[in-house]
Amino acid sequence: MKISKEDIHKIEDYLWEIPKTFRPNMRVPARVLASESLLDAIMEDRSLVQLVNVASLPGIQGASLVMPDVHEGYGFPIGGVAATLYPDGAISPGGIGYDINCGVRLLTSNQKIEEIRNNLDALSKELYIQIPSGMGKGGHIKLSVQEMEEVLLKGAEWAVEKGYGVKEDLAFMESKGRLENADATLVSDMAKKRGADQLGTIGSGNHFVEVDYVEEIYDETTAKAYGLFKGQVVVLIHTGSRGLGHQVATDYIRQIIKAMPNYGIEVPDRELACVPFNSEEGQNYFKAMCAAANYAWCNREVISWEARTAWRNIFGSTVEPLKLMYDVAHNIAKVETHVIDGVQTDVIVHRKGATRAFGPGFEELPDSYKAAGQPVIIPGSMGTCSYVLAGTARSKELTFGSCCHGAGRRLSRTAAKKQVNAPVLKEKLKERGIFVEAGSFKGIAEEAPIAYKDVNMVVETVSDSGIAKKVAKLRPVAVIKG
Amino acid sequence: MKIEYLSHTADIRMKIEASHLEELFRAGVIGMSNILKDGFCNQNVQFDHKWILEITALDSTCLLIDFLSEVLSASYAEKAVFCEVNFLDFSPHHTIAEIRGKQIQFFDEEIKAVTYHEADVHKNKRDQWVTLVIFDI
């Protein structure tokens, strides 16, 4: 199936639509949030074919959507949002992805970049020592069977109870770092085994820990509410549920493919395998997914503890410790209420490479953020810049309260490795004041800035379209990768 | 057997080809393990690990993907790379196999999952079994 520009209609600035008449099995239109130049870039891979496939999911409401950082995935595109009718619309594990609750969090300090610039090399090395990273690497914590059950049920709270976290952090996480529907008995022994020694580890690929400073403030009032100020040093953490989440998704996609014929469901791609949310298989997956999401929040809390240890080892205990600004998921499914055709409707929102971006007044937010809206953290590519945005009411109207999640990949890993000389890139970044600590040069080459879209263009698009507003721009000074 | 790695925006797209269905499965294991540990199965490996797995699936495509997923899980659980497959039972819907490999210190690449996307086990015009496999990286 080919999609040409003539098949795509402009609805309004930054919003494009492939009508549901484009292919017979589409139940809703497919919509793209992008500037025209980003849309042209998006059309270079098969993202839009995958978006059209998503529009065929049983019970899908409104439209299948992609954010401006979308790129081709497997089944769902990365950067996709799909809302299905609660309680009997589809739940599709592929619409969450294998890295369940992959997400980002931002820790803030009281230090200014000028105060610590001479310590950056030492800080990046200490972070690399304290935070285990790399392919299949284990961490400092080895969970017993009982401890694993507790992590899966309690999420970030477990880390706090065991002294690996800070109680005040919990209010500053999406869903307060714990999904209530988790059922640890629905997570396989293999998944638990894979996750037993990976708590507090970032893994490899595009996961990282990064030290940045606030280069620019766009909205003083919101920045102040979030505790951000110009020149401030912050720490950005990007990782998910590691091998445990990968195994949960693998286990349930397999089960759901086998179960689909029982519900008369056919999908254009097996990675879109789905069952009714309220079916036994759907509920089992959802509860296991919630458990894996809890593991991910606990993981990022433990990594924060490791980052805080590194911070203290370099700057001493007289310097104020790192404080959590916010933690958001970008691979998750949630039951939420949205207005569809003027009616309040409960839906199962799948976000795969997309961030929740709820506006001011959202009751889950801590009091200090209620007027500003939910923080949205957008990591850029290594060596470029990242952003803090604030969710808006407009996101609920256009994108089921969702926003982009990053810059979006442009080049394949192979192409990046062919084009990038990693040792040279590392030196060039160092000349620009960015220290990189990585397990391999391959990892640096694959994640080079050239492999990604321009995060500035992506953020301008979401900002101009009104689904989030710019609060602050972050500039990296140290990157720790697997 | 033939193993090729093709371009994909974010992940790894592998094309495998073999004259027999069992050989296609072996190609899948070698192709995947050579990603986990660069070129590992092309070396003369002294195996020190074995694992028995049994899979039942709707068709040969699902059987292959589920089989590779099991091998991947075993790789992470045992911190080993598996290169050799001995089928104790094999049909397009069911297999019991013994896989053999070697424990390693670290992986070169972390494969999150073996996906069903674009997988389609079939015979081509040259009467060879062939499929694509996309790995989530």
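If you go along the chain as it appears here, the first residue is 1 and each next one adds 1.
Glycine residues also receive a Cβ, built from the backbone N, Cα and C atoms like all the rest.
The active site, GMP-histidine intermediate annotation in TrEMBL covers A:His405. Spatially close to A:His405 (active site, GMP-histidine intermediate) yet at least six residues away along the chain are A:Met67, A:Asp69, A:Gly79, A:Val104, A:His330, A:Gly353, A:Ala354, A:Thr355, A:Ile378, judged by Cβ distances under 8 angstroms.
DSSP gives A:His207 (Mn(2+) 1 binding site) a coil state; it is part of no helix or strand. Taking a C-beta cut-off of under 8 Å and a sequence gap of six or more, A:His207 (Mn(2+) 1 binding site) has these contacts in its own chain: A:Cys102, A:Ser133, A:His238, A:Thr239, A:Gly240, A:Lys481, A:Gly482. Residues or ranges marked as Mn(2+) 1 binding site by TrEMBL: A:Asp99, A:His207.
Counting only same-chain residues six or more apart in sequence, the Cβ atoms lying under 8 angstroms from the Cβ of A:Asn206 (GMP binding site) belong to A:His238, A:Gly406, A:Arg409, A:Glu447. Annotation comment: TrEMBL describes A:206-210, A:330-331, A:379-382, A:Ser386, A:405-408, A:Lys481 as GMP binding site.
According to TrEMBL, the Mn(2+) 2 binding site annotation covers A:His238, A:His330.
Note: A:Asp99, taken in sequence order from the recorded positions A:Asp99, A:His238, A:His330, A:Asn331, A:His405, have a C-beta within a distance under 8 Å of a chain B C-beta. Of all Cβ atoms in the shown protein chains, 28 besides its own fall within 10 Å of the Cβ of A:Asp99 (Mn(2+) 1 binding site).
Of all the binding-site residues given, namely A:Asn331, A:Ser381, the one with the smallest number of surrounding CB atoms inside 10 A is A:Ser381.
Here the binding-site residues are A:His238, A:His330, and the one with the most other Cβ atoms within 10 Å of its Cβ is A:His330.
Here A:Gly408 (GMP binding site) comes close to A:Pro68, A:Asp69, A:Val70, A:His71, A:Ile78, A:Gly79, A:Tyr452, A:Lys453, A:Val458: these same-chain residues lie at least six apart in sequence, with C-beta atoms under 8 angstroms from its C-beta. Recorded residues A:Asp99 (Mn(2+) 1 binding site) and A:Ser381 (GMP binding site) have their alpha carbons 19 Å apart, per Cα-Cα distance. Secondary structure at A:His330 (Mn(2+) 2 binding site), as computed by DSSP, is coil.
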